């Protein structure tokens, strides 16, 4: 261990006074054991522990350690699907992880405890510091200690000028350099760099502002996703969303009224090279109107450029294809025609989905039945016999739709919510091909497949595009930004500004010549302090030079030895 | 669309690759020159640290009046300004800095100068490599890990050379820096190489210039601060060894003897880390603003965000620790290293091992 904590053996009290209130940083004292009796004694002891630097430091360190698990284990609020996946592969750990709230680290009891304690400790620290600082601002710099040569930077010389004159010009000089000065008998005290303290306090207060803003944002936020087909519209009401998440204090009335229609969607991809197929540009062209009946306006939404309508932001998240499919019954009547969005599952937009025909279909016997098709769509097919049904490129170069057909009950009438992209075949029968296998067929746009036994036809009429949008509303983000800006400014001030004191003393010596002494003291040992003192003393020396007969420093009373570093 | 039309300029990309290899060759030469500097320097017998710290010397110093070291306006002072004498704070070991790798030998110094010149050359070539890479893709050269590594070492060397140019005492850093730059470039060209290409739409934003450049800059300068902290730990234990009256091994003495004093290294590391910390804060805030534009929320505990936060808190810890009795010194230095380890993990670990919203094509 280093020996940095040794106190100077004989520090005179006035040195302490000179150092006093150079900062409002907490004084390091290890809080004594509980004093007094019972609850109050313990409470006081606890409060002193909590607001001590040591404990704040430990809490800060715990905060950094505590946030780590959230990056290693999937989080419900980030990606619920991944959490489910993780639970399947790590069955043994699930009960432990759930007990420890490891799937919701950042809202867990223990994580909240750390940061709440930290912020209480912070408030317990900055409130008294603010008062101290106000006191320092209204007070005056402390008077000069008797032995200026004990201070970290010191200089002295003799001059013919009267002490009063020297002190007056010292006061003018320091004041001109924006020191706060205070003249007393035979000496001038000056102090500068209050911005350090102000910045420090501003930074810590800004942290609290950011926490409050973040908490507000979490409590009142709303976030919904919606898949929109080209040519179709969306209006901002709860029922229109495919999925919707909101903070606990959000109410449905908070939704901004607006609507938009997706006019066109453009996507371009890398056509060659090792990153072939990587998306290069997405753009959604929309027409939107504010309020219930606002005038329609055109806008473009890109990945980094959300559309902002009255505090709500509309983001472009993803896109894909929706084959247009029509189904006829045995009599040739069209019972279904719709664009069916398929969900992409790889970078080249190989997509899967389900076509569900719930109403209107009657089989050969005239009985009501429901039809279902498992669908797989690829925008660029590798070609028959290539052994892969996966897409080779995300653009529509060789679109192919593969369908397998079922009939029976889709299970949608039970009233249970169902995944629209998956077919529940538990109550369905397969259509069979001549070999007795599940009937399936690949279709090109415009092609029609005929279901076995004259059960009807399915036509792949064309391809529509869709885009998914996320509509978010997060209040107080402006407040968070303001907090962040103040935090950075305050941080810079508190780290780059030096708080320091300069004293000048001028006394008429026994021989009638004035002895000038200057000394400087900073909160931290900085190389800048001697430099500044040197510049200041040079300036003062010009107005109060040494008598011609002696060199300036020779008059000094200090024993000086040439240091090795000279 | 215009970006897409501008096809990657193959010949510029090729030039960039060659420049990077050339800079590696030059850094390699600088590495050997530094080694030679250290070897020549080892022949000098300095022994000043030991003299200042052996118990006998300490006793002598205790008996004599405190030595005041002149810094400004020393022996050659002209009569136009008074001399300022400084006293170091009590409790700090008053140990002189080592003479540097060359150990005061003329030959060592010559090789040291050659090494620095080669480093300057390597830096210029590498910087040209980064610029031609940027020109070849017509965008900021910060789209994948290969480009990050390239810029990272360029900035680290640039910061070191800037400190040298400002006449700061940093030549002791030379060998360590050149070694890690070679390592960094080796990793970049061997494992992380990505052919120059356009960006995915998520990266089409001017925030790329702001957020990614400051992130790389912070990392490079944090690296220098961490190097200072590591050396501080070695030098500090060496000094306490001497203080306790023990004799450290010859190799240890030879190397650490020539390093700056523990107090100097500690201060160096602190100043570097403290100077970059506000910029790191800005990097995270800029990232949050970009995330607000790109993903619909400014903070969502994505792995990259988590680790940036962890890094930030760890550096905040270090800055507080350094001002807290009982934590300053070695404990604070360990915190600084922990913080830098977090930064490195945030780069390699999160990019390669954890998937999140910061995962893009070609790492």
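Just so you know, glycine gets a Cβ as well, placed from its N, Cα and C.
A quick note: this is a predicted structure, and the numbers were derived from the prediction, not measured.
Residues or ranges marked as domain 'Cytochrome c assembly protein' in TrEMBL: B:142-356.
The transmembrane segment annotation in TrEMBL covers B:20-40 (among others). Sequence-distant neighbours of the transmembrane segment (B:20-40) (same chain, 6+ residues past either end, Cβ-Cβ under 8 Å): 101-103, 105, 107-109, 111-112, 114-116, 118-119, 121-123, 125-126, 129, 150, 174-175, 178-179, 181-182, 185-186, 188-189, 255.
Beyond the transmembrane segment (B:114-136), the same-chain residues lying 6 or more positions past its ends with a Cβ under 8 Å from any Cβ of the stretch are 8-10, 12-13, 15-17, 19-20, 22-24, 26-27, 29-31, 33-34, 37, 147, 150-151, 153-154, 157-158, 160-161, 164, 171, 174-175, 177-178, 181, 185, 196. Annotation comment: TrEMBL describes B:114-136 (among others) as transmembrane segment.
Per TrEMBL, transmembrane segment is recorded for B:148-166 (among others). Within its own chain, the transmembrane segment (B:148-166) has Cβ neighbours under 8 Å at 20, 116, 119-120, 122-123, 126-127, 129-130, 133, 141-142, 173-174, 177, 180-181, 184-185, 187-188, 192, 212-213, 216-217, 219-221, 223-224, 347, counting only residues six or more beyond its boundaries.
For B:173-194 (among others), the entry in TrEMBL reads transmembrane segment.
As annotated by TrEMBL, transmembrane segment applies to B:206-234 (among others).
Here TrEMBL flags B:268-291 (among others) as transmembrane segment. Residues 170, 205, 207, 210-211, 214-215, 217-218, 221-222, 224-226, 228-229, 232, 260, 297-300, 302, 305, 308-309, 311-312, 315-316, 318-319, 322, 333, 336, 339, 357 of the same chain lie 6+ residues outside the transmembrane segment (B:268-291) yet bring a C-beta within less than 8 angstroms of a C-beta in it.
Summarising the annotation, TrEMBL assigns transmembrane segment to B:306-325 (among others).
Within the chain, the transmembrane segment (B:332-350) has long-range Cβ neighbours (under 8 A, six or more residues past its boundaries) at 145, 148, 218-219, 222-223, 225-226, 229-230, 232-233, 236, 266, 269, 273, 303-304, 307-308, 310-311, 314-315, 317-318, 321-322, 356, 358. Summarising the annotation, TrEMBL assigns transmembrane segment to B:332-350 (among others).
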On the 0 to 100 scale, where does the mean pLDDT of the domain 'Cytochrome c assembly protein' (B:142-356) fall?
90
